[in-house]
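Student: Below you will find the structure I want to go over with you.
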Amino acid sequence: MNTKEDRWLYTISPKQSLIHLNFKEIWQYRDLLFLFVKRDVITLYKQTILGPLWYFIQPLFTSVIFTLIFNNLAAIPTGEGIPAFLFNLAGITSWNYFSACLTGTSNTFTANQSIFGKVYFPRVITPLSVVFSNLLKFGIQLLVFICFYIYFIFFTDKASSAMPQMAILYLPVLIAFMGLFGLGFGMTISSMTTKYRDLSFLVGFGVQLLMYGSAVMYPLSYFKEKVPEYAWLIEYNPMTTIIEIFRYMTLGIGEFSLYKFIYAGSISIIFFLIGLIIFNKTEKSFIDTV
Amino acid sequence: MKDQDIILKAENISKQYRLGLVGTGTLSHDLNRWWSKIRGKEDPYLKVGEVNDRSSKGSSQYVWALKDINFEVKRGEVLGIIGKNGAGKSTLLKILSKVTSPTTGEIKTKGRIASLLEVGTGFHGEMTGRENIYLNGAILGMTKKEINLKIDEIIEFSGCQRYIDTPVKRYSSGMTVRLAFAVAAFLEPEILVIDEVLAVGDAEFQKKAIGKMQDISRGQGRTVLFVSHNMSAIKTLCTRGIVLEHGNIVFEGGSHESVEYYSKLSSSNSYVEAIHESYGDIISELNFEISRGNIKPDASFFIGDDMFFRLGFKVSSKMKNILISFNVLNYNNELISHISNEDSNYILNIEEVNSSVEICIKTDKILYIPGRYKLNLWIGDSKSNTLYTVENIFNFIIEQGNYTKRVRPLPKHSKVYLHSNWE
């Protein structure tokens, strides 16, 4: 009897295990992942005049505004010998990647229901493609950051104490953490929005609020000094840790310890796994509830 | 039937849907489900649920779109799935193509399933035809390598060579569909699930598409599951059919028998009633009878029988040269015969106001293939202006009888019996 059952290639059934990730299947669809990334990249700025320049404009202008408001007006110190503009650019570049992953994946099901309702492929390909296409965008923004870095070091004397640290070797790992964190968070939200649309409203301004809580435009140490009673809120936010580590790696300022690095990493991976479980549970029948 | 020939097997497939708005009470139902799951009990909402009849209002919020569906498909078979709107066809295809999962039951397969529920899924208007071939192909499960091998054939089949490097948003809708079908036609899964894609494109392309599908099933021995309302496509393409009604399989058999069963199903339910329409109120009180050899009204005939119609009506004004004609249609709504009073030079003049007319019409031997037929009536004035029409004025069945001496049934897809003498 057993051998008879084994002959079936696969079965479609309502039962589902907690994590049903068919890596072999995802591997088979790797070309689709690549094509989705390609589609996102080449179609994003079609019929715009500035085209890919928008990749530069957005972080630059945000940094300029932040510098004006938070550093010139509100006089938040960014550390001796670190130009405020560079400080903000570092924060925004890393924050942007996380927030793009989060918002981009958080509407996976609702935005793709017409495709998902017609044809089957491993659904997880879609959020993954968002993470990868944003990686490209992040790469470009990182280049902008590096260009300004070089400019400030070699052509001005404002960046006297900015210095990349040895820990920068771990930068790819840190980027992976950002991506996984955004992905896990986004997948959870996208799964829940299939039934409860309230969350999609939350994401929009939630991300904005979270930015203020993630030490993007101020150093964690300054917040601790000024508002010590709420500092733990900011400190235990894994994004704060990630951004602080990013600034430490590149500029040599901020708090860094191996313990923090591991903390950010494990939180990201836990979020990713939770997101994956919920996503998998949803993908089988979301088309009935969306 | 050899067991290893079965490539796909559906066992007790059911699918439950909740009616009304999702949102009100969703949370409470979810909590209820969760609570009974914790206590190890059965889902309380699985027990409720009614037969899915679209037209009658039920009391339960839950319906079974599919209920205990069982069927088997053999390798190389083309299975047609037919049924009225809302019978559960699309739900079944969605389950087969893994878009949604069944509430209960299992489907076991021995091959990859690719589905074509709608052509052009995932087409992006900003991308060129060529780029979209790759993207769409990948969505349907092809690898880049496979597409590279076939891209020239795909472009050729689509007939869009000239536009292939133009963004798809500049395409006409027909061209988009051609391109999309071309991609799908070159898929190579063991089992292909197709929903109504032939309803698009011009006649030339439809022919091409049907030909391609025949190649797929016959030439390459692949299995196809095909849903359509196009009965002649079902008959040409499919080897077997199942008829769904209210989420149940009500018939399973050859494709011709299935189509016939389905048309009986739809005619016995809805359009057996005659639809009278009068234009200008000149003709009224119409009555109609059909009889065999002047005995009594009857709805069943044998091949070779004569038919007698008796038609009566009232005409309110004086008229010259009234035209009367009947259309005989088969269950596919194909026109089989057109008969008219002009056939025998019968001239009907009304000399007085409000006079009653009684006409007897006799046809010679009917030579239709056994099956179900219906009659439509048309009455007009001498300038062919319509005065009165009746759709479905009569339904009748032709049986084989012994006019032909053959014992085996006449082929169902033939249209007219031609009597022949062999010496």
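The count begins at 1 with the first shown residue.
Glycine is treated like the rest: Cβ placed from N, Cα and C.
Automatic, uncurated: that is what TrEMBL annotation is.
Feature list, courtesy of TrEMBL:
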DOMAIN    A:50-282  domain 'ABC transmembrane type-2'
TRANSMEM  A:53-74  transmembrane segment
TRANSMEM  A:81-98  transmembrane segment
TRANSMEM  A:138-155  transmembrane segment
TRANSMEM  A:167-187  transmembrane segment
TRANSMEM  A:199-218  transmembrane segment
TRANSMEM  A:261-279  transmembrane segment
Student: For the transmembrane segment (A:167-187), which stretch among A:53-74, A:81-98, A:199-218 has the most Cβ pairs under 8 A?
Tutor: A:81-98
Student: When each of A:53-74, A:81-98, A:261-279 is checked against the transmembrane segment (A:138-155) for Cβ pairs under 8 Å, which one has the most?
Tutor: A:81-98
Student: Which residues of the chain, 6 or more past the ends of the transmembrane segment (A:199-218), have a CB below 8 A from one of its CBs?
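Tutor: Tertiary neighbours of the transmembrane segment (A:199-218) are 66, 70, 76, 88, 91-92, 95, 99, 102-103, 106-107, 110, 189, 192-193, 233-234, 237, 239-240, 243-244.
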